[in-house]
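Participant: Pasting in a structure now, in structure tokens, and then I'll have a few things to ask.
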Amino acid sequence: MIETDKLAAKAVSAERLISASPASPNEEAFERALRPKLLDEYVGQEKVRGQLDIFMTAAKKRREALDHVLLFGPPGLGKTTLAHIIAREMGVNLRQTSGPVLERPGDLAALLTNLEANDVLFIDEIHRLSPVVEEILYPALEDYQIDIMIGEGPAARSVKLDLQPFTLVGATTRAGMLTNPLRDRFGIVARLEFYTPTELARIVTRSAGLLDARIAEDGALEIAKRSRGTPRIANRLLRRVRDYAEVKADGVITRAVADAALAMLDVDAVGFDLMDRKLLEAILHKFNGGPVGIDNLAAAIGEERDTIEDVLEPYLIQQGYLQRTPRGRVATASAYQHFGLGAPKTGPARDLWDNNA
């Protein structure tokens, strides 16, 4: 049942226009076409860019493989893009895979033994590596060697294989799920942060140019403000606004055109969609602002518990519209203000069975 709920949550996330997860293979292909190729083209993440520039320049001067890199942060912020940029800037090949795909030690061994000197191996969702595969990775990262078993039963023996020097780039949205031994083997650890509206407006303007779409400065900024700090969402909204501009306007994306298009798509001024508003309005109107238990809230809005916890809540909490408390979910003053309501002077409603009430 739990696994079914998780799958349902993933399906809901993929269906949302403002989801940070890739919606389809077609969208992934679209993202690749817009992806910056070099570090100078990469917008935002100034601290991470500065660090990587220094580390890569030093590694190239010494003609060494770049130290292993761990990139973590929310989805859609450019971890995969940075992995490709690292390989291109270092002038080496990139091999890409993901944690769930590497089911057996042999899967990883096959990748490692085919790497050329200083190549980049990119493992997305690295927190989902199985323990047995992770064990193979440790000596590969430290000593550029792997131990493989030859034969079966009593006749089995371990053989040590030397590898070419390489760089592992691991990406994860859940750094806390990495084991300490794996995390400690990364020499470069970088957290990607949400983007500012100004940074996203630059990304939208660049993407519009690649798409041959005409866009005004205020139109790019309007899309950026509703993109939840995430380039993937910004590019997705740009595609839909471009369609609207070509059909309903003269093809130029102005602020007014962007506002009308996004209103049609139910994306409001702060990037909330219908599901975000449904959740907050349920807490505000049905439960007097909270606290309300997660199961009651799920029943009230007709969604699975996992969908609320994994898909809807994170952004609302991060933006300060919702709080998780020991007694349940509580709407904040920002939530009341967003819906034009006055916050209750006595605070949120208390639990009927709260002894402190």
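Cβ coordinates come from backbone N, Cα and C, glycine included.
Keep in mind that this is a model prediction, so the values were computed, not measured.
From Swiss-Prot, for reference:
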BINDING   L34, R35, G76, K79, T80, T81, E142, D143, Y144, R185, Y195, R232  ATP binding site
BINDING   T80  Mg(2+) binding site
BINDING   R305, R324, R329  DNA binding site
REGION    4-195  region 'Large ATPase domain (RuvB-L)'
REGION    196-266  region 'Small ATPAse domain (RuvB-S)'
REGION    269-357  region 'Head domain (RuvB-H)'
Participant: Express in Å, rounded to the nearest integer, the largest CA to CA distance found among the DNA-binding residues R305, R324, R329 named in the record.
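Facilitator: Greatest Cα separation within the listed binding residues comes to 14 Å.
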Participant: Report the member of R324, R329 (the binding-site residues) whose C-beta atom has the most other C-beta atoms within 10 angstroms.
Facilitator: R329
Participant: Tell me which residues of the chain lie with their Cβ under 8 angstroms from that of E142 (ATP binding site), as long as they are six or more apart in sequence?
Facilitator: R185
Participant: Tell me, how many other CB atoms lie within 10 A of the CB of Y144 (ATP binding site), whichever protein chain they belong to?
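Facilitator: Taking every protein chain into account, the count is 16.
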Participant: Based on Cα distances to R305 (DNA binding site), point out the closest of the binding-site residues G76, T80, Y144.
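Facilitator: The smallest Cα gap between R305 (DNA binding site) and any of the binding-site residues is with G76.
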Participant: Tell me which residues of the chain lie with their Cβ under 8 angstroms from that of L34 (ATP binding site), as long as they are six or more apart in sequence?
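Facilitator: Listed in sequence order: R206, S207, L210, L211, N235.
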Participant: Tell me, how many other CB atoms lie within 10 A of the CB of T80 (ATP binding site), whichever protein chain they belong to?
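Facilitator: A 10 Å sphere around the Cβ of T80 (ATP binding site) contains 21 other Cβ atoms.
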Participant: Can you list, in sequence order, the residues of the same chain other than R305, R324, R329 whose CB lies within 8 Å of the CB centroid of the DNA site?
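Facilitator: Those within range, site residues removed, are G293, I294, L297, I308, E309, E313, G328.
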Participant: Once the chains shown are all counted, how many other Cβ atoms turn up within 10 Å of the Cβ of R305 (DNA binding site)?
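Facilitator: Looking across every protein chain shown, the total is 16.
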Participant: Tell me whether Y144 (ATP binding site) sits in a helix, a strand or coil according to DSSP.
Facilitator: coil
Participant: As a test of the contact definition, list every same-chain residue at least 6 positions from G76 (ATP binding site) whose Cβ is closer than 8 Å to its Cβ.
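Facilitator: Same-chain residues close to G76 (ATP binding site) (Cβ under 8 Å, separated by 6 or more) are A20, S21, T230, P231, R232, I233.
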